[in-house]
Amino acid sequence: TDVTYIKRRHCHKSRGMAFSLQERQILGIHGLLPPKVETQDIQALRFQNNLKKMTDPLEKYIYLMGIQERNERLFYRVLMEDIEELMPIVYTPTVGLACTHYGHIFRRPKGLFISILDKGHVRSILDNWPETNVSAVVVTDGERILGLGDLGVYGMGIPVGKLCLYTACAGIRPEKCLPVVIDVGTDNETLLEDPFYMGLYQKRDRSQAYDDLIDEFMEAVVDKYGQDTLIQFEDFGNHNAFRFLRKYREKFCTFNDDIQGTASVALAGLLAAQRAIGKPITEHRVLFLGAGEAALGIANLIVMAMTETGMTQAEARKKIWMYDKYGLLVKGRQQETDTNQEAFVHESPGNVESFLDAVNTIKPTAIIGVAGAGRLFTHDVIKAMGILNERPIIFSLSNPTNKAECTPNDAYTLTNGRCLFASGSPFGPVTLSDGRVLTPGQGNNAYIFPGVALAVILSRVRHISDTVFLEAAKALAEQVTDKELEEGRLYPPLSNIREVSIQMAIKLVEYVYAKGMAFRYPEPLDKNGFIRATVWNTNYDCFLPDTYDWPGIGFSPKAK
């Protein structure tokens, strides 16, 4: 039954037809499977062949998630062996499509659903989760799913997808990961009228009850799983994202990937670009398209990187400008400025009525798009960047693909291949008219959060500072080779992401012990060996009991 399935969550133990004859007999499943005993190699080949026959990304997503439900180790083996091809399916951009159709493609529940109606009983809901040793929680309230807006309970696809990458990219054991959605309603009228919607049919609760529920959730998690349990916030609305990060970061082991993970991967791209150009980060001027949590997170981490070299915070902030839907972020504009934006509000540089005007007036060395509003890096904007800079930096980081500010083809073509480009969604190589082939870097947060999570969990960090994400950015940028920079890459190939994450985790574990942030004792001397020994693999476990003889012990003597 579904209840039995949910309670046992047996997918991480299933081997399908790879159970040996002895295992089938001992487990009482002999005869319930065809007679053939298959190797995992054959199972993976069947899985891969079936995927190759599919062309629709959503169909592939449904098939992949079905395999995950039935045979977890097989799922992760195939995902890890073809991570470049399949990451866009299990995560962005396809996961966004899956979230919008969540109620229509629903097969079996994944994760924990906590609603506003459960306030006062969150701990008892956590007690219903079958795994008792959870190390990492990814939680969303579904208000800002990628660039798609409020999807309510349909946002569960995001924590599920994120935690898939915890395992595939960093080897964190899947049974130690818990995806959670907090359902407080939705303001999406389409969903409220959808008979297949699976959440509460009510407007989003924005009262004190919402804050009380999040407080109760945080306390319940650490009460059940421990103070060093990692809690990653994902796709909360801008206001709540910053508010909760400020509120909880000194009390819990928590971070917000939309703010800090995005910041770290973007900074890593800038640090790699710095190597290609030969210009230190302090000499750059950065113009953002967008002034929300992603832009502010990146901007603050850039400031931190600049101040490390001796520049004052005020000087660093002057080098960063933001342009949102109301125009340039300047003093005296009619629209109210969010308190989180105040550090980057400057005196007006003159008459700026468009983003192109902003580029021509401010003369940035880098433009970073995180507005999620589509193709706003127009041909004129890209050409202007090419005129202003010998090697312009153009980051089109919005997700999913149709929300990207520009394509790599436009960026490379309109700058004659001179630009340093990164995108949030995956794009293929671009062949220029002179025959050069450039491979755009994907500024994917998956380069950051799995490695950070692995380091934090293994070293038992209790509070994650922004310096951890600064160090993660450095560790990532260092792994880009000169050859990869020549190919146009600002990030290592995704095919190497498991090793990239492990190398990052090694650097971060060294850092947190050096800074007194780690609470695992004794400190491991061989951090490389320590981390590699804990990384989960996809080999099947043996289900045969440990049997042996007692030497020298025979039958009892006959009674006289």
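Including glycine, each Cβ sits where the backbone N, Cα and C put it.
As given in TrEMBL:
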type	residues	note
DOMAIN	68-249	domain 'Malic enzyme N-terminal'
ACT_SITE	TYR91	active site, proton donor
BINDING	ARG144, ASN399, ASN444	(S)-malate binding site
ACT_SITE	LYS162	active site, proton acceptor
BINDING	GLU234, ASP235, ASP258	divalent metal cation binding site
DOMAIN	259-513	domain 'Malic enzyme NAD-binding'
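With every protein chain in view, the residue among the recorded positions ARG144, LYS162 whose Cβ has the most Cβ partners within 10 Å turns out to be LYS162.
Cβ neighbour count for the residue listed as 'active site, proton donor': 25 (other Cβ atoms within 10 Å of its Cβ, all protein chains included). Across the residues the record lists as binding (S)-malate (ARG144, ASN399, ASN444), the two Cα atoms farthest apart are 18 Å from each other. Taking the mean position of the Cβ atoms of GLU234, ASP235, ASP258 as the divalent metal cation site, the remaining same-chain residues with a Cβ inside 8 Å of that point are THR140, ARG144, ILE145, ILE158, PHE233, PHE236, ALA241, ASN256, ASP257. Comparing the binding-site residues ASN399, ASN444 on other C-beta atoms within 10 angstroms of each C-beta gives the minimum for ASN399. In space, ARG144 is the closest of the recorded positions TYR91, ARG144, LYS162, ASN399, ASN444 to ASP235 (divalent metal cation binding site), judged by Cα positions. Each residue in the domain 'Malic enzyme N-terminal' (68-249) has a pLDDT score, and their mean in this model is 95.
Annotated pair ASN399 ((S)-malate binding site) and ASP258 (divalent metal cation binding site), C-alpha to C-alpha distance, rounded: 12 Å. When the alpha carbons of LYS162 (active site, proton acceptor) and ASN444 ((S)-malate binding site) are compared, the span between them is 12 angstrom. Comparing the residue listed as 'active site, proton donor' with ASN444 ((S)-malate binding site), their Cα atoms are 10 Å apart once rounded. For GLU234 (divalent metal cation binding site), the number of other Cβ atoms no farther than 10 Å from its own Cβ, over all displayed protein chains, is 26.
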